[in-house]
Amino acid sequence: AFLAPILLLLFGLGPYLADARSTPEVECVVFNEEHMSCMWGSRETLTANYSLYYWYENRSPVVECKHYLQDKGVNVGCRFSQREIIQFQPFYVLVNASLGGRTLEIPSKRMELQDLVKPDAPVNLTIHNMSGNQLQLTWTSPYPKAQCLEHAVKYKSNKDTSWTEHLVKGDVFSFPSVDYEKYYTFYVRSKINSYCGSTQLWSEWSVPVVWGNNYTSKGTAEEQLHWFWIHTVLIPIASCLLLLVLVVLLVRMERVWVILMPQIPNPSKNFDELFITHNGNFQEWAGVPKDVVESFKPNYSENICHVSELPAKDSYEPLWESSNHQPSVTPGAPATPREHSPYKNSYV
């Protein structure tokens, strides 16, 4: 009788309790010592509403989160202001799940906030030309305690296939030798060093700065970012839009298509009647009259003309002297003597 209510309570809340205990652990990150966020899930992984309570060891009472982070109406995290963050003091959080009108506690977690700091990315990256082929890269960090930072620099030339990364203690990186036929891209990120904490949280990589061929030898990251966006974003987008407009014009505007891609005329259709109906007879196909056609036919038949010639004067005597008869003269103009070829007879 004594165990029955307890068993009933456990069986009734068993699924909710299992779901609450399966919730991911609370993960807190201190962003640049300006604010802190503690997250414990998302709407897809949580089926109940949660409340977060926190306190510092031997320092303050238990306090509920003042600024919940929600996902579709479900509490998935808590945001802490700068004045609520105290480093080098053990920090505890406790998450309660409200299920079926009852509150189930998820075990608390102890944290060291100095080990959870994630600084902002470095800014104002600048490259200086030094003597010889040496370059010097400098930057600044938004983190308020610059002495607590260590940095990582990664770089690659346009001829390299992988990045090279170096750890740097200060805020200056010297590049000993450069090839002036190449151009180089540099990034920098930061994290808290071992003197101020034991975090493994790196900042995001900075905006890149570029040096070398086809680039200015010295400039800030903001200036390089301007050209970076022009070359990698604006020019490709403008080219794609221009190509799209040209395709639409060529497809939708027939007149433009005819002007740019004129069709070569095919004259074969106009001569089908010449070769099919008239068998290649151009005069018949063109409608030339038959008498005109006959007039153009060549005629090779000619009449033979007989020509007789008398011998020269010095080789004969006039016929009328030898025969005592004068030649008869046709009335009209007096006959004129003709010169004769030495040949008596010839045919033309």
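Every residue gets a Cβ built from N, Cα and C, even glycine.
These features come from TrEMBL:
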type	residues	note
SIGNAL	1-20	signal peptide
DOMAIN	121-219	domain 'Fibronectin type-III'
TRANSMEM	227-251	transmembrane segment
REGION	321-348	region 'Disordered'
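Residue counts for the domain 'Fibronectin type-III' (121-219) under DSSP (helix as H, G, I; strand as E, B; rest coil) come to 3 helix, 45 strand, 51 coil. For the domain 'Fibronectin type-III' (121-219), the model gives a mean pLDDT of 87.
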